[in-house]
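Chemist: Sharing the features that Swiss-Prot gives for it:
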BINDING   Ser113, Leu114, Leu115, Pro116  (6S)-5,6,7,8-tetrahydrofolate binding site
Amino acid sequence: MSESLRIIFAGTPDFAARHLDALLSSGHNIVGVFTQPDRPAGRGKKLMPSPVKVQAEDKGLPVFQPVSLRPQENQQLVADLQADVMVVVAYGLILPKAVLEMPRLGCINVHGSLLPRWRGAAPIQRSLWAGDAETGVTIMQMDVGLDTGDMLYKLSCPITAEDTSGTLYDKLAELGPQGLITTLKQLADGTAKPEVQDETLVTYAEKLSKEEARIDWSLSAAQLERCIRAFNPWPMSWLEIEGQPVKVWKASVIDTTTKAAPGTILEANKQGIQVATGDGILNLLSMQPAGKKAMSVQDLLNSRREWFVPGNRLA
């Protein structure tokens, strides 16, 4: 193989852990792992380590969990490791300019979109919601901007009509490690060819919110169906019935026009709950009332048919 590089890995969630796993099998030398501090989780709010920390400790790697990399003493942790390159995957902390310049080959990031489209925090969800035909991963050289660095390598995959953010996440978690290992080989060999991002093609993937996931019936049925897939598994699209939130897991578009006001229930049977939208009809197929498990519309109608009387309007 190419030169074995001294690598610092920085990441936090499962998506990052899958990249660390690929690095551990690549023959490179992982000299340190940075991940976010343990966070309260679950009903008991017990402090839980990140997936990256669990994996790193299992492999006996040194783990660092600073709250910030701005303090000089935390930057010194990076400097002392004398890395050739720092690999950053969904770390969640800002890397100051001083840290970016410490490794011999700089810092590289695995981003879940085909840059310069969808810079920012939620590229997977935004690409789905926008109706993009494809997405992918970009390995880029990091600079002080938000996903503005030169691109080193890209891999793409189609977005299907059945994809959710969950399934796309898994696809990109397969592509990312492939692109990362190839990029590291090119950096080690001196064959990497950085490409400047075209600023005229930039779009931004803003962070998601639960309120944003509330179904807006004035949108088209096609937009709402994509929204439902984009927000699955988090934060989940939802509507309000009798003052309680009801999550929507799955829906389809019925290619028929209607003059009914957006939000009006047109039909409610075992084939689905058909609702008028700003353009077209959305057919709700799987839903989850508060405190219950996700269920088919047929099961929901058996217990809550009074919620879905044709002619009534959903909020």
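Quick reminder: no glycine exception, Cβ is built from N, Cα and C everywhere.
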Chemist: Per 10 Å Cβ neighbour count, which of the binding-site residues Leu114, Leu115 ranks highest?
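Modeler: Going through Leu114, Leu115 one by one, the largest Cβ count within 10 Å is at Leu115.
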Chemist: Centre the Cβ atoms of Ser113, Leu114, Leu115, Pro116, go out 8 Å, and tell me which other residues of that chain have a Cβ in range of the (6S)-5,6,7,8-tetrahydrofolate site.
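Modeler: The answer, listed by sequence position, is His111, Arg117, Trp118, Arg119, Pro123, Gly136, Thr138, Asp147, Met151, Lys154, Gln197.
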Chemist: Enumerate same-chain residues with a sequence separation of six or more from Pro116 ((6S)-5,6,7,8-tetrahydrofolate binding site) and a Cβ-Cβ distance below 8 A; give 'none' if the list is empty.
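Modeler: Set apart from Pro116 ((6S)-5,6,7,8-tetrahydrofolate binding site) by at least 6 residues yet with Cβ under 8 Å, we have Asp147, Gln197, Asp198, Glu199, Leu201, Val202, Thr203.
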Chemist: I'd like the Cβ neighbour count for Ser113 ((6S)-5,6,7,8-tetrahydrofolate binding site), meaning other Cβ atoms within 10 Å of its Cβ, all protein chains included.
Modeler: 25
